Structures are given as structure tokens and as C-alpha cells.
Amino acid sequence: MASLIYRQLLTNSYTVELSDEIQEIGSTKTQNVTVNPGPFAQTNYASVNWGPGETNDSTTVEPVLDGPYQPTTFNPPVSYWMLLAPTNAGVVDQGTNNTNRWLATILIKPNVQQVERTYTLFGQQVQVTVSNDSQTKWKFVDLSKQTQDGNYSQHGPLLSTPKLYGVMKHGGKIYTYNGETPNATTGYYSTTNFDTVNMTAYCDFYIIPLAQEAKCTEYINNGLPPIQNTRNIVPVSIVSRNIVYTRAQPNQDIVVSKTSLWKEMQYNRDIVIRFKFANSIIKSGGLGYKWSEVSFKPANYQYTYTRDGEEVTAHTTCSVNGINDFNYNGGSLPTDFVISKYEVIKENSFVYIDYWDDSQAFRNMVYVRSLAADLNSVMCTGGDYSFAIPVGNYPVMTGGAVSLHSAGVTLSTQFTDFVSLNSLRFRFRLSVEEPPFSILRTRVSGLYGLPAAKPNNSQEYYEIAGRFSLISLVPSNDDYQTPIINSVTVRQDLERQLGELRDEFNNLSQQIAMSQLIDLALLPLDMFSMFSGIKSTIDAAKSMATNVMKRFKKSSLANSVSTLTDSLSDAASSISRSASVRSVSSTASAWTEVSNITSDINVTTSSISTQTSTISRRLRLKEMATQTDGMNFDDISAAVLKTKIDKSTQLNTNTLPEIVTEASEKFIPNRAYRVIKDDEVLEASTDGKYFAYKVETILKRFHSMYKFADLVTDSPVISAIIDFKTLKNLNDNYGISRQQALNLLRSDPRVLREFINQDNPIIRNRIESLIMQCRL
């Protein structure tokens, strides 16, 4: 029968994995951005300062401390702390609004008895009595006055071990620190025109925004770290802070050079690499105490992440090289624990990560130069793996760690089941880290490296952030692709082609001869014969069949098979839990969902049409599973599809998969199915009603839905090609014998052909109505 094509597609479509996802990605995301090259067009390269990329500071690099700056007089920005780092005692800083606030800070050494000293404040010599009773801590004291000729009063103070001090203008106040480290807190002085206060720093200083006040307080209390990530290596003038730094954008497509046919594109990309290790643990035969192999194997990982506001789909393949083989032999007895070989990666090993994403950079990655990358490092730690021996405490392989450091990048190709991806291979060298690994309850301990037993340590993936840059030779016309693999059709063009093809298919319905259709519906159409009418080569036909299978996997018919399998599994578990009538009825309704509809009739939110569609879909699958000699709706659907494919002038490899899938879902939407038991026919109509009638009388009577469900479970389902209304009309107007009625009820193709050859208008109208329902 012609419906064989649908069963073949259902069988073969489940072998498709990554390729159809990549095809979908390529066809739906094909935007291209060209950046004005500006002054770098002649020099080929932009002045790019490559770093780890635009990544979160908390996970990749330490926060950058703005400074140090040389002593100077300036108007510091509002809501920014000046972190002062004096090296000697004396005046640290001073500032005034020249109206009602003169404020200065002095630094006093530890262990200073009360003494009078002279300081130069605002150009005047001032005598100040100072002291510091602390034996170890330096003392910061604020000297403040409110008139130009007034006397200074002392405030604060701050006793400090790190010898750091902070001043900030904010909210009509001047803030400083007071108390004693490591528990110093902030205080303030009210002032007018605070934003115009000029500050003079007599020592090196840093600038920290108010949003990072907690970090500033940490520095005040505990001091700067021994090695801090600063903006400047040595103190520089504060005016350098106003210089605008031009950096490459995280995602940038730059036209380096261009001719009529080709152009060089520089792609700059921030990337997030996620990868994981895979392993193989093989147990030897015998009593269960011996393992033959614990080894690494390549691992694929597909994921999405956001880059510069755009969601990116990426695929990585992780593999290892330079593996070290270890073994453990607990003895020669059959019950002695043995691992014949377990693999460990160490400092002499390498990890390769092949990376591909759906951005424009990878679309034409064929002719490439100036490839460079900068990636962060990542530490990989081993987890605990228990070797389940029959008796006794389990030996446990635990620990081990290595860190991965970028060692280069090259072009590579990732191979999947159906396509190959031009990708980047990032090579990482390894260094061993703490802790070492061991096998508990054995003599193995204190070994360094990462064993293959549990290399991911219960993590879903490891993550590395960074960026790469390359220059690729691509066609000048963005609609073209470098000839390396099959080109990707832009989705908008595909939709236009499909719209034209649907119109053509619908118009062809009137050109189908019914006698030929019946003969064609009886042929066992397979994929090759279905597509053989396409004016193309055999190789192209094979490619079309593959594309159809990939697309058919996502059809509603294929999804119905999965849903039906779940329902049958639930029904089987329901029987095992309870032998009640409700459980049995639930089981019987696996094809029809009768029990669900009945029990939820008071609270259901789905419409009758939705329920009927679900029931019809289940009955369709049941009919496919129990193929009879009669003709069914899918035979007619496939025959019409074959006829239209042969007559079409617009089909190609891109539109055919969509058309075949749509035909399986949309052809003949109104379907009725029946079950025959002895002389009684039970039928589910397209309006959601169940009824029965005798073959002899053809008089309708309603019956229980549960009875229909029970019969569907045990009896073959038949397509109502000649439905009850047509059959009764035929009997009332022409009169038919019991055997003719039975043959029509069974959808016997021989009897159908006889009525069509006799030009019976009732049968012809019914078949024509089915053909006209074969629309997209």
C-alpha cells in the first residue's frame, strides 16, 4: 500500500540527531553585519588590545584598581573615593570650598608623645599639638575650620596599620574614615558647594567609585593585596585618566579588503567554551572483582549562551592526547580487586576542544589567516567513583586535579552523523594541581593527575571564557557561501517558495484521475519510488530522502508515536497497580483517551474538536500498526502526494521535506474510523460521536464509548473511506447486497474500483471529496 512511505519515514526519522538542529540554525539565523573599517582599511589590522574578553570580573579576572596617580591638585569627581597611600608622616591631603570649610588630614607616626609641630596648611604655617599613644598603628587626624582666620580643631582620628586613608565628596558632605583598623567606619563633614571643592593630595592615590565602597573599606582595614591588578603600572598624572581608550568590540565584523568577487572579513568574537569529559568503564568477566579498562573518550556538548545581547548556539567536542596508562593489581585470587588499565592525564598530556557556533564567523571558515585566541585557564577536579564489588567495602577512586592553559588554536572539522562542521580547535596544556588522587582501601595514594573514573566531578560542564580573532576570505556577495558544503537556504526565501508550492499543489487536486489514484494507492510506495518522479539525479534523490527524514522527525505524526508510547507505558503501570474497572478502562483507552474524557467531563477545558482530533490521531496510529488488506486514508494521501510530486514544477531539495511533512499532517483532516465485530459495525465519526449499526440494516444507533475502546484494543481499525452517510445514501438510492456493504465497510480497493468504473456518482463524490481534502 502507498502508506508504506509514512511507515518508512517514521522508522528512519529517529536516526537524525544534530544535523537537523544545525540545518535549522543555519536557515533561521543568517544575519550579517558589516562594520565601517575606518582608518584601518589600508593597514589590515585594528589596534586591538586582546584580553580575556568581556566577562564577569568575579569569575575570570580580578577587579581593576584605578590608579596609582601622582600627587596633584584637582577637583575629584563626586561620589568617588580618593584612596590615599602616604609613605611618610606629615600632611596627607587638604581641600576647601573657600567659603565655610577648610579640611586637611595629617599622619602621625606610632608612639609619639604629646608634642607641638608645625604644618603648612593652605599656604600658612600652623602650630598643632599632636600625639599617638599606639605602639604599632599610624594615626590619621582631620584638621578642620569654618572660617579663613579661624582656629583648627581636630577630628577623627583613624588608627591604621595599613597606612591608607579615604576622602570622598558626596551628597553635600565630605566623607572620611575614622575609628581603628580593622574596624574602621566612615564619617562626614557638612559643606556647601561641595562639588567645587578642590583637593590637594601630597601622596600617591587611587580612585574608587561609591558602588565599590565595600572594596575601599576592605583596603582601608586590611591594606592593598601584595599584587593588585591596577590600571597603571607606575604612578601617572591624573590627566591621563581623561584619555579615551579605543577597544575592539566583543563582536565585530570588519571588512579588511574587498574586490568584485571576494572580500577579507576580520571576525572578532567573545566566546564561552563549555565542555565535558566522557569516559568508558568496562568490567571484566568473572566474579565481579576485576575491571579491564577505565578510559577517556571524546565528548560532544551543545549549549546556548548570550553574547553581546544575542543568543548563540554552540557545539564543542572534547578529546585528550598524551594519556598515561596506570594499573592496579590487588592479587592473583579471583576475589582480588584488579584494574587492568586506567587512564590519567598529567602535565605531559593535552586537551583538545573543538568549538563551533552559529555566528557568521563560522559560516565561511574555509580560507583563514591571522588566527589568534586568548582564553582563561580552568581547573578540572576529579570526583569519587566507587567500584561496586560483590562483597566488602567498595574501593573508591577519588581526587586528582589538573588545570588547563591555552596553548594555541588551529582550524579543525567536527564530524557528526550527517554533516561536518568547520570549527576551531583550541589546544590546552596541562599542569597538575592539588589534591592528588588515590584509590581508597588500596595501596594507591598520593598520585598526581586527573583519572578517567569521574573527571567531571558531578558537574554538567566546565567553562572557559575568552575571545578569538581571524581573517577569512569570503564571497563579496553576502548571499553566496564559500563552496565547501551544501549551501544554506535563507528562511524567508524558503517560505516564499513553500507558499508558491502549496498553491500549485492545491490546484493540482482537480487534475487527478480517480481510477489511476486507486491503482497508485495500492502500490507499495517507498522513499525512492516516491521521489523518483523528481527531475533530478539519483544522488539528489538520495539527498532529498535524507532531508525528508530529518524534517519528518519533528512532524506531529512522529510526535504522536512518542506520545502513544508514553500512554501505553502509563496504562501498563496502571494495570500493575490496580485491577479495578477504572484501571482496565484506562488501559483500553490508550488509543482513544475515552476514560480521560469521561472522568474529566465536568472540568475539561478542551473543545470537542480537540478531543476528536486526538482520538483520530490515536486511531490512525493503531491502523498503521495493524495493516489490513483494505485501503486507508494514508494510502489515498500518499497516492495524491505522489501524483502531485510528479506533476509539480517547483519542487527542490529544500521545499520537498516541508511539503511531505505537511502532507502527512494536513491531508484529509476529517477522518472516521470503524471496528467490525461479527455483523455489527462500531464507528467513531468526525464530529466526536460513537455509534453502531448492523451490516444488514445500516440503521444507526448509539453505543457505549467503553465498548468501542475495548474493541479497538483487540480488533483492527479500518479507515472509513466510505463513511456511514455515504453507505446509507448508496443503499437507499441503489440498493447494495450484504457482501457489497461488507466489502465497502472494509475499504476493499477492488470493490471501490468497480463502483468508480461504473461511474457511480455517490462513490465518485466521496472519493473526490477526499482528494479535495488533500490540501496544504
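Glycine residues also receive a Cβ, built from the backbone N, Cα and C atoms like all the rest.
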- Query: Under Swiss-Prot, which of the candidate ranges 99-133, 274-308, 484-518 is annotated coiled coil?
  - Reply: 484-518
- By a simple count of other Cβ atoms within 10 Å, which of Cys203, Cys216, Cys318, Cys380, the disulfide-bonded residues in the record, is least packed? Cys203
- Query: What is the separation, in Å, between the Cα atoms of Cys203 (disulfide bond) and Ser190 (site 'Binding to sialic acid')?
  - Reply: 25
- Counting only other Cβ atoms and using a 10 Å cut-off, which of the recorded sites Arg101, Ser190 scores lowest? Ser190
- Task: Between Cys380 (disulfide bond) and Arg101 (site 'Binding to sialic acid'), find the distance joining the two CA atoms and give it rounded to the nearest Å.
- Result: 58
- Query: What kind of secondary structure is Ser190 (site 'Binding to sialic acid') part of, going by DSSP in three states?
  - Reply: strand
- For the region 'Hydrophobic' (389-409), jot down how many residues DSSP puts in helix, in strand and in coil. 0 helix, 13 strand, 8 coil
- Cys203 (disulfide bond) falls, by three-state DSSP, under coil
- Message: Averaged over the coiled coil (484-518), what pLDDT does the predicted model reach?
- Response: 56
- What is the separation, in Å, between the Cα atoms of Cys216 (disulfide bond) and Arg101 (site 'Binding to sialic acid')? 25
